[in-house]
Every structure is written in structure tokens, then in C-alpha cells.
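Copied over from Swiss-Prot, here are the features:
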type	residues	note
BINDING	D19, D20, S51, N104	divalent metal cation binding site
Amino acid sequence: MTFPPVADPSSLRILISNDDGINAPGIKVLERIARTLSKDVWVVAPETEQSAAGHSLTIRRPLRVRKVSARRYAVDGTPTDSVLLGVNHVLKGKKPDLVLSGINRGANLGEDVTYSGTVAAAMEGTILGIPAIALSQTLEHPHPVKWGTVEHWAPDVIRRLLAKGWSRNVLINVNFPDVIAASVTGIEITRQGKRKIGDEIMERHDPRGEAYVWIGAQRAEDRSKPGTDIEAVFRGAISVTPLCFDLTHRDDMKALETAF
């Protein structure tokens, strides 16, 4: 089963969320992008930054949904909470036709997708039966974020994806390179790459001498494998990666049958 192609997105109801929070610059960029596609745009996003929240759901405390302004709501929860409440609470009278998540400040490549709240928000939309796209703008420190790149290219990428359609159990993960818009080398369909594991744990001590730790966020990328999201983005291309939330490894499933 596939989502039907959409030649003209102007009639779509679009729900936007993210993991950087409702006041993040990236979500404002995504709002502008979405309004080039349709005028029926809604935002339901976390009240505060939820980076690396993954696909977590808040079930041990009540959640508050605060109306920020017309068609903009903040949730004191995770990106997954925000999409779930956006679809089944804020927009329960007329559910969205498309979920857009982002624009994330920084890439979501390789194993990043398992931690990413940006990808998780799109995953929740997919689980709820709605086409969903996660969008991230790659950032290489100390460069400023090139929001102009994603704002220039994203409308065309989204329109092309909608015109084609994709499978109902699939979300689309799009990463934009850390180059100016004019230097983008193209749009490429890619597979998920693999980052080299980074085990950086930084130990510090507070004024009372008690130890605490930070988990290092940096991972080394393997940029050498053609066809991956990592290789494409660091070559200056936009990567478009279809992701499936069915994590079953069917070859090992068959192999393990002989153990029981």
C-alpha cells in the first residue's frame, strides 16, 4: 500500500513539529516553506528543546497543550507527544494530510535516526497513517547554519516527493548539505549510512567537588561509501532516504528458526 501521489499540495492540511522546540529558528523556516505549498499550516511542537529524545512518549504525567498564537501550539512533552496530540487532539476535527518535521539544526544521518526527535516526529505521523517527511540542515562548526539552503531547496524536494508518493510504512528523511544553495550538487536517493562509534564521555566536577558527566554528541562519519546519506551530504548533495520502522531482519529471522 502506498500514499497516493499529490500533484497539487495547495489543498493539504500540513502539521509541523520538531525536536528543537517551538521557538527554534528551524521551525520558523519550515513554516515559511510549508506556506509555499499550502495555506492550511498548523504547528504543534515541544515547548522546550527535545534533541535526541528519540521516539519517546510521555505516559507517567499529564501533558499541557498551550496555544501560542493562531494555529501554533506548544506541548510540554516530546516530539512524539506533539505529533500525537496534534493529530488526535488539536486537529481531531480534520486531521492533517502531511506531517513535516524540522528543520533540525544539524544533520540526522546514519545511526542519528535512532536518537533523533526530528525523525521520531515523522515516524509518529507515519504510524498514524499520514505521509511524513523529516528535514535537517547539516551544520559543521563553527559555520553558521545555512538556513537559506534548506529554504531554497526544500519546497521543490517536498513537491517532488508528494507527486511520486511512497509506501505507507515509510517515512522520508531529508538532509541538506552545509553549503550555500547555489553550491548544492543535486538531489540523491540514498540509503542510511553508518557513523563510526564515538564513546566520548566528558567528566567534570561541580563546585562541591562532586563528579558529573556529559555524553559527547560528536561521532566520526564514514564518508567513503557511495550511495549513503553521509557520503552524499558531505559531497554537497541533498540526501533523500526512505526509512521503514519495521526493524525485523528477515535473513536472521530464518537463520534463528533452527535454534528453537
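Cβ coordinates are placed from backbone N, Cα and C, and glycine is handled just like the others.
Not measured: the values here are computed from a predicted model.
Feature map: Swiss-Prot annotations on the structure.
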residue: D19; record: divalent metal cation binding site; Cβ within 10 Å: 32
residue: D20; record: divalent metal cation binding site; Cβ within 10 Å: 23
residue: S51; record: divalent metal cation binding site; Cβ within 10 Å: 19
residue: N104; record: divalent metal cation binding site; Cβ within 10 Å: 30
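Within 8 Å of the centroid defined by the CB atoms of D19, D20, S51, N104, the record's divalent metal cation site, lie the Cβ atoms of N18, G21, A24, G26, E49, Q50, P79, G102, R105, G106, S116, G117, T118, excluding the listed residues themselves.
Classification of D19 (divalent metal cation binding site) by DSSP places it in coil, neither helical nor stranded. Reduced to three states, the DSSP call for S51 (divalent metal cation binding site) is coil. In the three-state DSSP scheme, N104 (divalent metal cation binding site) is classed as strand.
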